[in-house]
Amino acid sequence: MADTPASTSGDFPPFRQRHLISIADLKQHEIIDLLDRAERMVPVSRQERKSLPTLSGKTQINLFFEPSTRTQSSFEIAGKRLGALVVNMSVKTSSVSKGETLVDTAATLNAMRPDVLVVRHGAAGAVELLSQKVGCSVINAGDGAHEHPTQALLDALTIRRHKGRISGLTVAICGDIANSRVARSNLLLLGALHVRTRVIAPRNLLPPGIEHLATEVFTDMEEGLKGVDVVMMLRLQHERASGKMIPSVREYYRFYGLDAEKLAFANPDAIVMHPGPMNRGVEIDPAIADGSRSVITDQVEMGVAVRMAVLDALLSGDQA
Amino acid sequence: MTKPLLIENARIVDPASGTDQRGAVLIENGRIADLALGGPVGVPDDAEVINANGLVLAPGLIDMRVFTGEPGWEYRETLASAGEAAAAGGVTSFVMMPDTMPAVDDGAVVDFLVRRAKATSKVNVLPAAGITKGLAGKDLTEFGLMREAGAVCLSDGRNSIQSTALLRTAMSYAANFDMTIFHHTVDNSLAGEGVMNDGLFATVLGLKGIAREAETIPLSRDLQLAALTGVRYHAAQISTEGSVDIVKAAKSRNPRITAGVSINNLCLNENDIGRYRTYFKLGTPLRSEDDRRAVIEGLRSGVIDTIHSDHDPQDSEVKRQPFAEASTGAIGLETLLAAALRLVHSDDVPLLTVLKAMTSRPAEILGLEAGRIAKGAPADLILVDLDYPWQVNENELRSRSRNTSFEGARLAGKVMRTIVGGETVFLHRD
């Protein structure tokens, strides 16, 4: 322990998972463990010298098949604050189009002996497939419409810090549920922590069987927001959706955009969240997005803490 | 001239005649020369005698839907390797889908296949001719010329014809040549980017679903057009409860309609996909358990006529991909019979019904002499141990591709000997 005096992981029992692919793989106590670890990471980012040497000598590769400035920077900063060597590989032109399969890419990267791969991919299950072909830890930074586990963890941490608890709350997730990995990870995580979950969306943006994943399903925003403690808005891929999944942005905003009038149905102290990047005027009124109820910038801050905690937990567990 | 062959002391199961009793079969010159149920059979002095020791002797299986890779993708499967797999699985004839490169959309390609199969395959290969050029759903092929070259039926294989007008013309023209149309019905726009059955399980995996209606809507259309044109129509790939109902209703009015189901849809369901196992990503998606029960009932009640393997070899390059990006299809020639016997062992469907769906019914639909144990019929026969236990190991299968949907499955029932035209083409060795 003399080498790592500032480690926070030493206070926690070893984390038993090798990868973080899906919230569904985590037991309730593991979710709480990760949140508690993340809580300890928050002050690290707030102090003047924002570093812990716990991952010194470790190599982290961020492999993003889909561009994402925000998530990639968050993982990069998290790794660097823990002292890891962080390499970013943005696969802008898909390497599949150059004839290299995901499995080939995995084999190539594996030969460089990284300690952790942080992977985002457009196809559900791609990160899991990659994890089967490498010898290091793999963190899912979003795979298609499947999962985005660190987003759900940072959302939970944000909720817990604002509300003082998670269990017993009512959380509404609103918007394009059908295509959202954020919604799936959140429903799984909140469900595991005994939160009442509601999904609110037009029927065509609700995936089949959603009633088995959420406590309640609403198609009316005002009905659905009644008495909720947390309002989570989802990004609408409006470039793709317009004319196909919804007739127009203005109609969507009228019925499903979060404005003061609709927010008034939620509890008076309800907080507003958004995983970003936001479409102001599409799914959310700019005045709400930047208003006093919004905790959206806190989510970004908690994102770094959660990712530090996940990296630390996976890699120090690996050591043990 | 090979010696006459006598198989005695067999349990003769012949679905065409409803026979299930002890007896003996004499094979001469590639055909069944004599059949004795209970009583003695005249045995030539020079005959080779096989004591079946009570094993089931059944007609060789006729598989209605098999993809190979020859010509064009020989690394996936050749006619020879498919023939090896078929022989080991008790399949003595298979209908080969036209999805090759080039596609089977021309008499010359049919002719090539017939000759190539005779030269290299241990079993009978029956080419299906494409309905449209390049199977692209646009322009009709030369049905008559391909029939003359040896095509047994018409099919666009994996592809489904979207244009109702074109399909009507194709059906009329097929009726003109008395050729059966095998059609896999998919509404492409409704199926969209779907990669598995629509429902909770797809939602949990974050995968796009294929609604059952993507199968039933074009199926309803096809059955109406079949009545309009008088064509013999085979609904090639039934996977949903709704399809069983639609076919049942149509059959009551139109005797020219038949239907087939893949062994995968009889034995597996969407849950087998687990966490993105791409060997379970199939052209006709695995459906819910309710759908599976419905197609089993459809088979038992006779609404569904045939069971096929939907053998579709794909290499690991195209299978070891994220689920949505992976190719569809699974091999199945070698596991078809044993998997189908699961339905018998579970008391869901009687043995005669299961075998009928892979022997005499396909033969009737295709107009073949095979598929029955009768004097004068081709000696395409299998000896089967109905209870022989074995476990599927992808590395022991004879197909050139490994993508079995039964990897690791424990099966009961195995072919001990396969005979094609009087010649033993497979002999099981422990």
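From the backbone N, Cα and C atoms, a Cβ is placed for every residue, glycine too.
Together with A:Arg70, A:Thr71, A:His148, A:Gln151, A:Gly276, A:Pro277, TrEMBL lists one candidate of A:Arg46, A:Arg120, A:Arg250, A:Arg254 for binding carbamoyl phosphate, that being A:Arg120. Reported as a whole number, the C-alpha separation between A:His148 (carbamoyl phosphate binding site) and A:Arg235 (L-aspartate binding site) equals 14 Å. Checking each of the binding-site residues A:Thr71, A:Gln151, A:Pro277 against A:Arg235 (L-aspartate binding site) by C-alpha distance, the shortest gap belongs to A:Pro277. Comparing Cβ neighbour counts within 10 Å across the binding-site residues A:Arg70, A:Arg120, A:His148, A:Arg181, A:Arg235, the minimum falls on A:Arg70. When the alpha carbons of A:Arg120 (carbamoyl phosphate binding site) and A:Arg181 (L-aspartate binding site) are compared, the span between them is 12 angstrom. With helix defined as DSSP H, G or I and strand as E or B, the domain 'Aspartate/ornithine carbamoyltransferase carbamoyl-P binding' (A:18-160) counts 63 helix, 27 strand, 53 coil.
According to DSSP, the secondary structure content of the domain 'Aspartate/ornithine carbamoyltransferase Asp/Orn-binding' (A:168-313) in residues is 61 helix, 26 strand, 59 coil.
In sequence order, the binding-site residues from A:Arg70, A:Thr71, A:Arg120, A:His148, A:Gln151, A:Arg181 that place a Cβ under 8 angstroms from a chain B Cβ are A:Arg181. Within the set A:Arg70, A:Thr71, A:Arg120, A:His148, A:Gln151, A:Gly276, A:Pro277 that the record links to carbamoyl phosphate, no two Cα atoms are more than 16 Å apart, and one pair reaches that distance. Summary of the carbamoyl phosphate site environment: with the site residues A:Arg70, A:Thr71, A:Arg120, A:His148, A:Gln151, A:Gly276, A:Pro277 set aside, the chain residues having Cβ atoms within 8 Å of the Cβ mean position are A:Ser68, A:Ser74, A:Ala141, A:Gly142, A:Val182, A:Pro275.
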